[in-house]
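Listed features, source Swiss-Prot:
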- Gly9, Thr10, Ser11, Ala12, Asp13, Gly14, Ile15, Asp16: ATP binding site (BINDING)
Amino acid sequence: MRVLGLMSGTSADGIDAVLVDFTGDPSKPKWQILNTFSYEYPSSIREKIIQVGQGLKISSKDWLELAEEITELNAFAARTCDPDSTAEVVGCHGQTLFHRSVKKSKRGGSLQILLGPLLANLLDQIVIYDFRSKDIASGGHGAPLVALVDEALVGRLYGWRGVLNLGGIANLTIIPPKTGIDKTSQCLGWDCGPANSLVDLAVKESTNSSLTFDENGSLASLGIPKLEIIDKWLRDPFFYLEPPRSTGREQFGFQYLQKRKKELGDISKEDLISTLTTFTASIISQDLDNLFKFKQIRLIELLVAGGGSKNLFLMRQLQKQCCGVHVRPINEIGVPSQYREALVFATLSWWNFLGKKVNPKYITGAKKPILYGVRVDP
């Protein structure tokens, strides 16, 4: 079955589209990518998305027009990736504007902006969208949803395997081994903390918007990370919350960056970027240390996906700090890093079409199996 997946993440840099052919057992599918397309948001759209996500108040008219524009851009990406409309289903995540983690006294919340019925009619195809609301209604965080699909896409090894996504936010999937006493264990997943969100903001600020990200980690590699400050940051209570846990740009965004910059004082942009990038690697390393400390789980391999996997400085820091773990890009096992999340939502859309529910208890914390996504027919 052919499915088109559309994804735009918390980095808000654009839309990734992937056309996939799925066959076989939905839990262990065979899949083949037939085409891909990536659309970069115009700077005006990206700025508006980030500003609204950071709390900018806009009128109802502006809100509607932003939703229409994002929907139309997703339609453009879909048509470009699948010009003959061969997909039986189109799965579209929409653009996240706000995410609220579950608190003891308050349910979680997550807002993705997309007009699903409009997209279905623009494409004249079945659309699956609104993937997070059922999970949240069932007491879950609604994130990280990629962890629900990773095992099906990458499979198991003879030891514990991790999949790390480095988008705006870093999240981890922990996949049990295929043999031994742990083979009946559950797949785990959680949001770790900031990845590209802080670094991208800092790069833009420190270069007066001449750069929007640290390509290949070139700026970070010229700086010296402030390790004492990083050790202090790692004591943030969020990093000690037991999974399932989730977060977003509203927690690790502009205001958080300003607070951390104040603590760092007057330092060069290279030292700033190096410190923030090393901070991300340290968060992951601390999570893996705690995974062994509290659950006696030690990874043999960590596959890295997302834009951060192209950051050579960050990849070196991960290998340095995650002792005894083989760290490598997910591309090396045939999963295209840039399109992994689009592939995930294509998979969830395929499962929705088939009526396949997923048990998210150990990943999002939702209390019952869920059929992810809402179907709209044209």
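The backbone N, Cα and C atoms fix where each Cβ goes, glycine too.
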Of Ala12, Ile15 (the binding-site residues), the residue whose Cβ has the fewest other Cβ atoms within 10 Å: Ala12
Binding-site residues (Asp13, Asp16), the one with most neighbouring Cβ atoms at 10 Å: Asp16
Fewest other Cβ within 10 angstroms of its own Cβ, chosen from the binding-site residues Gly9, Gly14: Gly14
Spatial neighbours, same chain, of Thr10 (ATP binding site) - Cβ under 8 Å, 6+ residues apart: Thr96, Gly167, Gly168, Ile169, Ser197, Gly248, Arg249
Packing count at Ser11 (ATP binding site) (other Cβ atoms within 10 Å of its Cβ): 24
Extra residues within 8 Å (Cβ to Cβ centroid of Gly9, Thr10, Ser11, Ala12, Asp13, Gly14, Ile15, Asp16), ATP: Met7, Ser8, Tyr41, Gln95, Gly167, Gly168
Per DSSP, three-state class assigned to Asp16 (ATP binding site): strand
